[in-house]
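S.K.: Here it is: the structure, laid out below.
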Amino acid sequence: MAGPRPWLVRDLGRQAYEPVWRAMQALTDARGPETTDELWLVEHDPVFTLGQAGKPEHVLAPGDIPVLQVDRGGQVTYHGPGQLVAYPLVDLRRLGLGVRELVCRIESAVIDVLAGYGITGERRDGAPGIYVAGRKVMALGLRVRRGCSFHGLAFNIAMDLEPFSRINPCGFQGLEVTSVLDLGGPGDPAAVKPLLVEALSRRLGLQARPEPGLPDLPVA
């Protein structure tokens, strides 16, 4: 009996947002039925991103942080150092998943990770992501093209949360955000990475295979 399919896990370190976004698009456009799925882990330089449903009025006062219009689902969010971003680049048809089920499994993986630190994460109807006592700790925005997903999740581990006050996070006025560190968990994204990889792999039925090489990143 065949075991789970592998997916390549790439740790990109810290990167500007746009080159990683363009590389995700390129991989998704070029992949075929047998292309191996991948999981990219990254911390981004500070940036606000507006999803396809994003309204500029939800960017209240960006200051010196750039604002980028992108092709993921959802509204506006912030990325910055200390936030663990994970991009599951998977063939949904091959996994037998719909978009809603993929969202559910990603959320379940983050709930699993939080539970390992004694933190209770919760879903909220109509507002994808994970919340702890009403405060958002993980944001989620996906895009599916040709049956394959890109973009992903942003998990606040140990970061400066002040930039979130410059926006209406995910389009919700007054939405509070939090981090794993503020909830009593570890203060280093590196400590959370292996747990998130394990949880995502288990929830998606894939076998993690570390891949040391970086994807081809366009020059920003």
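Sequential numbering from 1, following the chain as shown.
Cβ from N, Cα, C; glycine included.
Bear in mind that TrEMBL entries carry predicted annotations, made automatically and left uncurated.
Heads up, here are the entries from TrEMBL:
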type	residues	note
DOMAIN	33-208	domain 'BPL/LPL catalytic'
BINDING	ARG72, GLY73, GLY74, GLN75, VAL76, THR77, TYR78, HIS79, ALA139, LEU140, GLY141, GLY152, LEU153, ALA154	substrate binding site
SITE	LYS136	site 'Lowers pKa of active site Cys'
ACT_SITE	CYS170	active site, acyl-thioester intermediate
S.K.: For the binding-site residues ALA139, LEU153, work out the Cβ neighbour count at 10 Å and name the residue with the minimum.
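M.R.: So among ALA139, LEU153, the binding-site residues given, the one with the fewest Cβ atoms within 10 Å is LEU153.
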S.K.: Report, in whole Å, the straight Cα-to-Cα distance of LYS136 (site 'Lowers pKa of active site Cys') from GLY74 (substrate binding site).
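M.R.: Roughly 15 Å, rounded to the nearest whole number.
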S.K.: On the 0 to 100 scale, where does the mean pLDDT of the domain 'BPL/LPL catalytic' (33-208) fall?
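M.R.: Here the mean pLDDT over the domain 'BPL/LPL catalytic' (33-208) amounts to 94.
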S.K.: Count the Cβ atoms, other than its own, that fall within 10 Å of the Cβ of ARG72 (substrate binding site), considering every protein chain shown.
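M.R.: By my count, 21.
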S.K.: Identify, in sequence order, the residues in the chain of TYR78 (substrate binding site) that are 6 or more apart from it along the sequence and have a CB within less than 8 Å of its CB; answer 'none' if there are none.
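M.R.: The answer is PRO46, VAL47, PHE48, ILE65, PRO163, PHE164, ARG166, ILE167, PRO169.
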S.K.: Give me the Cα-Cα distance between VAL76 (substrate binding site) and LYS136 (site 'Lowers pKa of active site Cys'), rounded to a whole Å.
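M.R.: On Cα coordinates alone, these residues lie 13 Å apart.
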S.K.: Taking only the Cα atoms, work out how far LEU153 (substrate binding site) lies from LYS136 (site 'Lowers pKa of active site Cys'), in Å, as a whole number.
M.R.: 12
